[in-house]
Amino acid sequence: MINNLKTFILLASLTALLVVIGGLLGGSTGMLVALLFAGIMNFSAYWYSDTLVLKMYNAEPLSNNHFVYHIVSELAHRAGTSVPKVYLINNSTPNAFATGRNPENASIAVTTGLLDRLTQEEITGVLAHELAHVIHRDTLINVVSATIAGAISGIANMFMWLSMFGHNSNNQEGVHPVVGMIMMIVAPLAAGLIQMAISRSREFEADAGGAQISGNPQWLASALLKLDQANHEQYFDEAETHPATAHLFIINPLNGEKLANLFSTHPSTAERVARLRAMY
């Protein structure tokens, strides 16, 4: 209950940040437009975000005969929940995510790199983690926050262009260049911090829930160590193009050398592994 209340407050904060940006752009009219825009985006995220995210990563559905589907099906039956659809992303960087508005309309996507690098037990640990996200309904919260955060980043960029080309010497029209630059920097960082607060505790809960579903915390712990190392060594092009979706993945897919990674939506892999090993 406390975690759900916290998430509601943080999602409301994301929406409020979007409204504030709208107010800075267009006064009271801008605030109303931003609020309407947020409502439309939340509605769209609820119904269509899973499809959009899967298209972003060119995910292809796996057949019911694929061994990954068999693992997901067995885990879902063990957990007493609906069997999600399973998708494959053709990318050598090992990672995975879950999406969908509820367990009945959920999807789990894995990369080809994950299947190539992990053992079947480790793959099972990862899939159980993603299934736990589905059961906890984190998938809806994640995609809604990603949608709003993406909108905030887009509007912040718009702010920058308006500040550069819409400001006149008499200070009568447009956005002041200094204000535009500040918003361009502060707004995405604020959105990222809110996403971080939403996502971190839910990752720990999904780790614990996934370990219970799979029956062996060590499988996920071993997988996380391999995934963390690989994602520091490789470049996930699609994730870099859509950074607002980074928190959907089991391991942060963004390049570790980037400044934005200081505000990671994921807790440290070392802490996650330590908690899993403590479950023995």
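Note that the numbers count up from 1, one per residue, in the order the chain is shown.
From the backbone N, Cα and C atoms, a Cβ is placed for every residue, glycine too.
For the Zn(2+) site that Swiss-Prot gives as His129, His133, the extra residue drawn from Glu203, Glu233, Glu238, Glu240 is Glu203. Comparing Glu203 (Zn(2+) binding site) with Glu130 (active site), their Cα atoms are 10 Å apart once rounded. In sequence order, Ala98, Glu130, Ala132, Asp138, Arg202, Glu205, Ala206, Asp207, Gly209, Gly210, Ile250 are the residues of the same chain, not among His129, His133, Glu203, whose CB sits within 8 A of the CB centroid for the Zn(2+) site. Sequence-distant neighbours of His129 (Zn(2+) binding site) (same chain, 6+ residues apart, CB-CB distance under 8 A): Ala206, Asp207, Gly209, Gly210, Leu220, Ile250.
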